[in-house]
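Let me begin by presenting the structure, written as structure tokens, before commenting on it.
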Amino acid sequence: MGFVLVPKSDFQIPLEADTIDPICLKGWDLDEIRSLQVYEGNIKRPLGEFFEIAETSHEDQLIRIDGDVSRVKYIGSGMKSGKIIINGDVGLQLGCEMKGGEIEVNGNVSSWIGMEMHGGTIKINGNAGDYVGCAYRGEWRGMKGGKIIIQGNAGNNIGGGMMAGEIYIGGDAGNFCGIRMNGGEITVRGDAGRAPGAEMVSGIIKIHGRISSLLPGFKEISTFKEDGSLMILFKGDLSEKNPEGNLYINYNKNLHILENETDEGRVITKKGIKVIYNSGSTIREGQIIKGGNKLTDDYIDECARCCISPEDYKLLGEPENVVVSSHGNEVVLRAVEDPGIQMGTIFIPRGIWANVLTPPYTESTGSPMYKGVPVYLRKASQGERILSAEELVEEYGVGK
């Protein structure tokens with residue numbers, strides 16, 4: 001025997017309803033199901049206070065929800081068997097830690113679906129939010145099995161920390177698809193944002209559309225045809241230890257990335273040249289700030305610098321200082337020609353100057369993502385100088 005749940009009215013306060021699980025309802029009568037407890041805010045209330053609940057003659061362990069439950073969280077959390085069909089939009093953390101069974105949504109879903117799931121199938125016949133199949137905040141191991149199918153578009157950080165399983169996106173994906181991926185497979189039939197596969201060490205990502213930018217830590221390996229499209233395989237992310245990640249992108253839709261630009265073909269606008277900014281902590285930086293002091297001349301010398309490829313350094317006129325600008329902020333940095341930097345990218349040590357340039361929306365499991373940020377780079381004028389850490393804190397409010 002299955003059950004049908006219909007919301008009695010709009011939800012004024014979000015509900016936490018992990019009790020909506022086929023195995024929890026098996027063998028229960030209607031009165032027992034109506035008395036199951038859910039959280040409205042921090043107050044426990046009976047499920048029957050919010051839903052009309054009726055029996056249905058459909059298959060056993062089937063729950064059908066008819067209506068908008070976009071403010072209901074944790075539906076199918078930890079689910080092991082059975083099926084849930086939702087005809088409407090759904091809230092956060094659908095099917096998190098799911099181990100088996102099937103969830104199908106005829107609508108859109110919010111973020112964090114399939115968090116750390118181990119098995120089962122989630123099918124979304126609409127769009128999904130951010131962090132699909134991702135890890136919890138503070139954790140690094142995401143989805144460990146199962147399958148997530150999204151027929152529409154999905155947001156940022158898809159498959160973050162993914163260990164195993166499959167994610168299929170029929171539309172577009174946002175930024176950092178497959179970030180810190182350790183296994184499994186992600187397929188995106190449409191376009192994707194910037195930096196797919198950032199910090200991945202294993203697994204497969206296939207993007208059949210256009211990507212905004214490719215991190216320099218990916219090495220081109222081979223070209224082949226798949227489903228009539230010419231695809232290129234990249235290995236990476238080479239910024240990680242012993243990486244075995246496989247990133248496939250569509251050749252014809254990514255000529256802006258694949259065709260090597262020459263000095264003659266690059267244009268310097270009023271803002272400068274467009275490059276990809278990456279950041280990371282350095283050994284010397286760690287030695288300097290041991291003890292917490294970031295206000296020394298040594299700290300400025302190490303962190304207020306911009307490493308530039310020889311080609312871009314020459315294109316800019318071999319400057320002493322450069323201005324790097326991003327999302328309305330800009331910093332002046334000492335220019336350093338570095339043969340180890342790929343043309344079209346720059347490296348800035350992770351410090352207060354880098355924080356000014358790193359947009360907050362690049363977050364990944366709680367921290368901003370200091371890789372793959374599009375910025376502009378130009379030669380500094382005579383009156384533009386490098387600001388101290390104190391001056392940057394005063395001007396931009398970035399933390400020490």
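Heads up, the Cβ atoms here are built off N, Cα and C, so glycines get one too.
Per Swiss-Prot, these features apply:
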type   : residues : note
REPEAT : 76-88    : repeat '1'
REGION : 76-209   : region '7 X 13 AA repeats of [GW]-X-X-M-X-X-G-X-I-X-[IV]-X-G'
REPEAT : 95-107   : repeat '2'
REPEAT : 114-126  : repeat '3'
REPEAT : 140-152  : repeat '4'
REPEAT : 159-171  : repeat '5'
REPEAT : 178-190  : repeat '6'
REPEAT : 197-209  : repeat '7'
Intrachain residues whose Cβ lies under 8 Å of the repeat '5' (159-171), provided they are six or more past its termini: 117, 127, 131-135, 139-153, 177-190, 203, 364-365
Taken over the repeat '7' (197-209), the model's mean pLDDT: 95
Non-local residues, at least 6 beyond the ends, that sit with Cβ under 8 Å of the repeat '2' (95-107): 22, 61, 68, 74-89, 113-126, 146
Chain residues outside the repeat '3' (114-126) and at least six past its termini with a C-beta under 8 angstroms from it: 79, 89, 93-108, 132-136, 139, 141-152, 165
Tertiary contacts of the repeat '4' (140-152) (same chain, 6+ residues out, Cβ under 8 Å): 98, 108, 113-128, 132-134, 159-171, 180, 182, 184, 365
